[in-house]
Amino acid sequence: MAKVLVLYYSAYGHIETMAQAVAEGARAAGATVDIKRVPELVPAEVAKASHYKLDQAAPVASIDDLANYDAIIVGTGTRFGRMASQMANFLDQAGGLWAKGALHGKVGGAFTSTATQHGGQETTLFSIITNLLHFGMVVVGLNYGFAGQMTLDEVTGGSPYGATTITGGDGSRQPSANELAGARYQGQVIAETAIKLHG
């Protein structure tokens with residue numbers, strides 16, 4: 001049975017919610033799934049004053065965890081069109097795994113959130129995907145089998161490069177039903193690919 005890691009960073013809970021949906025999709029495909037988050041780098045008093053969501057249940061990952069999975073699906077909110085520094089800092093520690101080829105052939109994917117439709121969703125996804133390709137991973141996006149990314153009936157996230165959500169400038173918008181469906185679909189397709197490649 002394929003083992004899938006949903007690895008995320010979420011300051012305000014939007015990506016945490018998306019991570020849970022990604023995991024649901026991967027489980028529906030028959031994979032064993034763990035959800036873990038990367039360490040917070042912001043000092044506790046600053047995070048509290050900034051109203052970060054500090055009660056997230058997912059355990060904190062270690063870099064060596066990555067080698068234990070057949071698929072790794074990475075999610076983080078955007079920071080100026082790229083992944084958050086917390087996720088970048090974590091992935092930057094994977095040099096030892098990269099040098100050993102420990103991640104070659106694993107399946108990977110990315111998901112993100114932005115405040116606005118044009119807040120850098122695709123560039124953020126590319127910033128994650130670039131890392132996965134350097135690690136030697138097989139990248140799977142959100143293919144057009146998920147018709148929800150084609151809708152014009154609502155403001156919605158989603159791209160062939162990965163599932164996304166739009167939070168609104170003040171963060172009050174939560175992931176929509178369509179965005180969560182896209183996250184589940186991507187999780188399922190990545191898990192199905194991992195099962196085909198790794199059993």
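Glycine is treated like the rest: Cβ placed from N, Cα and C.
What Swiss-Prot says about this one:
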- 4-190: domain 'Flavodoxin-like' (DOMAIN)
- 10-15, 78-80, 113-119, H134: FMN binding site (BINDING)
- Y12: NAD(+) binding site (BINDING)
- W98: substrate binding site (BINDING)
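The structure, with features from Swiss-Prot marked on it.
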residue: S10; record: FMN binding site; Cβ contacts under 8 Å, 6 or more apart: E16, A19, R37, K53, Q56, G75, T76, G77
residue: Y12; record: NAD(+) binding site; Cβ contacts under 8 Å, 6 or more apart: H51, Y52, K53, G77, T167, G171
residue: G13; record: FMN binding site; Cβ contacts under 8 Å, 6 or more apart: K53, Q56
residue: T78; record: FMN binding site; Cβ contacts under 8 Å, 6 or more apart: A84, T112, S113, T114, G119, G120, Q121, T123, T124
residue: W98; record: substrate binding site; Cβ contacts under 8 Å, 6 or more apart: H134, F135, G136
residue: T116; record: FMN binding site; Cβ contacts under 8 Å, 6 or more apart: I166, G168, G169
Assigned element (helix, strand, coil) containing T78 (FMN binding site), judged by DSSP: strand
G119 (FMN binding site) CB neighbourhood, other CB atoms within 10 A: 19
PLDDT averaged over the residues of the domain 'Flavodoxin-like' (4-190): 97
